[in-house]
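Notes follow once the structure below has been shown.
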Amino acid sequence: MELETTKYFILAFTHKSMSLEMREKLAINSPAILKEFLQTIKNYCPNIKECMVLSTCNRFEIYASLKHNTHADEQKNALLKILAQNKKMSVSDLEKCVLMSTDESAVHHVFSVCSSLDSLVVGETQITGQMKNAYKFAFEEKFCSKDLTRLLHFAFKCAAKVRNLTGISKQGVSISSVAVKEALSIFEKEKIEDKKALVIGLGEMSQLVIKHLLNKQFEVLVLGRNAAKFEDFLKELEEPKKVSFQNIENLNAYINAYELLFCATSSPNFIVQNCMVKETIFRRFWFDLAVPRNIEKPIFNNIFLYSVDDLEPMVRENVENRQESRMKAYEIVGLATMEFYQWIQSLEVEPLIKDLRELARISAQKELQKAVKKRYVPKEYESNIEKILHNAFNAFLHHPTIALKKNAQKEESDVLVGTIKNLFNLDKSSTNHAQNLNLYKCEYYEE
């Protein structure tokens, strides 16, 4: 009897392989569109058991588990066709930029991404939260179950270990902090004394920008749609008096009044359009941190626009400064990948061990009941004898249990498990799926 091991599969498009223009086309910022896309995969790729999508400003990735004996290349071709049709792109263009990973390399990739080793800004912690949200959505919409839950559960543990055992996140660097650092450098070079900034949007990226600006003693005007959300956000700030709010409908009134602007919304269209921009005597510095981009390319020469990809050179110094921590982090990820597969293999024997113990308990209980019924054993001794039998079978199964767990990490474990199931007639035994899933349910709500 051959045990089916989970086949993990990933398609990845990242800032390393794909331009910002193409990543914009792939980006999914709407829950409704994401659900529709995942449903399309489910409908047209029957050999994909579970799937989820991670869509950020720097990457678009599909994580999946495949049915037994499924060819990864076939699933890759099917998914590229779905993407091409869904995003109105050519398969050949996507083929040039895609990275496919399976099995151990796929697991290693997920752990590296979650630990922020594959990020534009190495060590930034925002990606872990984004992965938790992506998993949460797919899990609650029933597109992923046991396989991806186990994978993501372990990935978050790996990311926490990387943060705790290396100094890779101590500087708190992120896209938002790099952007604010560059803005501060510009202000110093330009000798601009009036430290004011306009921030469009109130999502996670914008909130990080605001916090970094406040740390650098800027006054901030936020343009958004949700005043209640802004009031809740103020409670997180040490200096809330330096931040004010206006509805984004008033954008025209403020767009030409600030030298510094940051924009990061989930809108698929341009928020800042050239038709609303007027010429000014002062130079302006705009940071578009959204994907798809929120700011139309300016027509005036004294407006300097920075996109996410434009920040990459500013990030290189950060990467170089973290090489030692990065090497240690990769060691942790490599070890975690190995431990993950050992854990997965051990899970195959856990139900068997449970079934063996249950079989022993039931057999002992039956014989004890017979003995009591035939008065071989006084009724008042029944409880004590039951405890003795329980301890005896635990002692009897102790060594086999250890041996099973040890051999679960070996390639021949499927033969051993199959043989034991046949010997004890346990082939038809099954553990409740929902209970099994809860054991490995990922705490996506944790920090």
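Cβ atoms here come from the backbone N, Cα and C positions, even for glycine.
Listed in sequence order, Leu54, Thr56 are the same-chain residues six or more apart from Gln130 (substrate binding site) with CB atoms under 8 A from its CB. The substrate binding site annotation in Swiss-Prot covers Thr56, Cys57, Asn58, Arg59, Ser119, Glu124, Thr125, Gln126, Gln130.
Around the Cβ of Cys57 (active site, nucleophile), the number of neighbouring Cβ atoms within 10 Å comes to 25. Look at Swiss-Prot and you will find Cys57 tagged as active site, nucleophile, backed by sequence analysis.
Sequence-distant neighbours of His109 (site 'Important for activity') (same chain, 6+ apart, CB under 8 A from its CB) are Ile10, Ala12, Ser101, Asp118. Annotation note: His109 (site 'Important for activity') sits in a helical segment as assigned by DSSP. What Swiss-Prot lists as site 'Important for activity' is His109.
Sequence annotations record features per position, and here Swiss-Prot assigns NADP(+) binding site to Gly201, Leu202, Gly203, Glu204, Met205, Ser206. Packing around Gly203 (NADP(+) binding site) is summarised by its Cβ count: 16 other Cβ atoms lie within 10 angstroms of its Cβ, all protein chains included. In this structure, Gly203 (NADP(+) binding site) belongs to neither helix nor strand by DSSP; it is coil.
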TODO: Would you count the other C-beta atoms found within 10 angstroms of the C-beta of Ser119 (substrate binding site) for me?
DONE: 24
TODO: Let me know how many other Cβ atoms fall within 10 Å of the Cβ of Gly201 (NADP(+) binding site).
DONE: 25
Task: Cβ neighbours of Leu202 (NADP(+) binding site) where a neighbour is any other Cβ within 10 Å - done: 23
Task: Among Thr56, Thr125, Ser206, the one of these binding-site residues whose Cβ has the fewest neighbouring Cβ atoms within 10 Å - done: Thr125
Task: Between Asn58 (substrate binding site) and Glu204 (NADP(+) binding site): CA-CA distance (Å) - done: 15
